[in-house]
Structure formats: structure tokens, C-alpha cells
Amino acid sequence: MSKLVLATGNQGKVSEMANLLADFGFEVIAQTDLNVSDVAETGTTFIENAIIKARHAARETGLPAIADDSGLEVDALKGAPGIYSARYAGAGASDQANLEKLLDAMKDVPDAERTARFHCVLVMMRHADDPTPLVCHGKWEGRILKQARGENGFGYDPVFWVPEADCASAELSPERKKQLSHRGKALQHLFAALKDA
């Protein structure tokens, strides 16, 4: 089994990604388990931030690294929270605070205009100076609910309606979420790219 550093300290992402990557023969080690601190996300796009994070983890550990930068894009909010999804309610904000800020921003938005998507960019760096990192995308279309539903997942999952499953993302089993989610789709693209590499 190949070792791979996951460039995040977000425990929700760690457990979800470890579950997804195990299916493809990777032993995932969270960067926090190797005493690698988070790096400032100074990019202005998901791609830039994912590259920054993957390069930092690869440089600090000497191992291949994968980074995920993802977020929720709400059409009625002109793409917000976007790259600021994890800190929508401010630096260090909890998932609940971010969710409450989103629901407040959406309180007067009619049902027909509550379209949104999760967007995930995965970057895999084989080493810190990798000149051709693998970059893969995944999107998951849905709508923003008016109130939270479900107990599974993390982040905005309780307010993200999944039309093809007729429920909130937080009501999906981990197995079903793996099949449908932006992260699952991006990983499928990554594994296809790894087979071609």
C-alpha cells in the first residue's frame, strides 16, 4: 500500500478522504499526524490553494501529497462562500457558525433561486518540486435548504439538498455520499489520471 500525506487538518476531510482513498490502495496519513502545520491559503482560486497545500505537505514530509480545496458556490450569493467556505463566518469559525451565516444570507431567497454546488479541486504532488502535479475537479449540483437536516457529514452537508437522492447530503450514508459527492467525483478523475501516468 502506497503512503500518501493528506494536506489538511480538517478532521471531516481526513475521515472522508481516507475512506475514499483506501479503496484505491493508498494508506493516508494526515499531515497533522506528521506534525505538519497548515499553510496559509493565499490563493484566489481552489486550484491555487490546493497546489499551495500539496506542495507544503510534500516539502515538509518528503512523501507524495494530496490536497483538496473545495467549497460551496451559491448562485444567489454570486458564488459565495466559495474559497472562503471554511471561514465564511470568520477565521476559526465552526461549521455551525458558517451554516448559520449561510442560512441568514439566504433567508429571503425564493426556492427557485437556491441553486448551488460543491466544487472540489484535488491536487497530487509526487514530490515538492513536481512540475506536473495532477489536478482534478469534481462538482456536485444541488440546492440550499431553509433549515438543516440530517446527522451525517460535515460543513454545509445539512443544508445541501441532493436532488438525485431526494434528501440532504447529511442524510446520506457515507457509501452513498462517496458515489455522489464532488470529492468522490474528483477522486475518480484522479485515479483515472494515475492509471494513465
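Any Cβ shown, glycine's included, is placed from N, Cα and C.
All annotation found in TrEMBL is predicted automatically rather than curated by experts.
Annotation comment: TrEMBL describes Thr8, Gly9, Asn10, Gln11, Gly12, Lys13, Ser70, Phe154, Gly155, Tyr156, Asp157, Lys177, His182, Arg183 as substrate binding site. In this structure, Asp157 (substrate binding site) is part of a helix by DSSP. Around the Cβ of Asp157 (substrate binding site), 25 further Cβ atoms fall within 10 Å across all displayed protein chains.
Sequence-distant contacts of Asp69 (Mg(2+) binding site), defined by Cβ-Cβ distance under 8 angstroms and a gap of at least six in the same chain, are Glu41, Gly43, Phe46, Ile47, Asn49, Ala50, Lys53, Ile83, Cys120, Val121, Val123. Per TrEMBL, the feature Mg(2+) binding site maps to Asp69.
A strand conformation is recorded for Asp69 (Mg(2+) binding site) in the three-state DSSP classification. The active site, proton acceptor annotation in TrEMBL covers Asp69.
There are 27 other CB atoms within 10 A of the CB of Ser70 (substrate binding site), with all protein chains counted. Non-local contacts of Thr8 (substrate binding site) by the CB criterion (under 8 A, 6+ apart in sequence, same chain) comprise Val14, Met17, Ala30, Gln31, Asp38, Lys53, Ala67, Asp68. Ranking the binding-site residues Gly12, Gly155 by other CB atoms within 10 A of the CB puts Gly12 at the bottom.
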